[in-house]
Amino acid sequence: MGMRMMFTVFLLVVLATTVVSFTSDRASDGRNAAANAFDLIALIARQNCCSIPSCWEKYKCS
């Protein structure tokens with residue numbers, strides 16, 4: 001393989017690595033946002049549950 005061909009392969013590998021890394025970061029941001037939304041919903045549900053006596057006894061709200 002010539003020097004020019006090796007440099008081209010190197011650039012393609014760097015580009016592919018960058019694309020994979022960028023899309024992985026974007027996907028993890030989406031998962032984090034979904035997890036944060038779920039945590040918020042669970043917190044609100046628990047706060048509402050603590051105002052109901054039968055639910056309060058079941059889940060031991062403090």
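Including glycine, each Cβ sits where the backbone N, Cα and C put it.
Between CYS55 and the candidates CYS49, CYS61, Swiss-Prot annotates a single disulfide bond, the one to CYS49.
A coil conformation is recorded for CYS50 (disulfide bond) in the three-state DSSP classification, outside any helix or strand.
Counting Cβ atoms from all protein chains shown, CYS55 (disulfide bond) has 14 others lying within 10 Å of its own Cβ.
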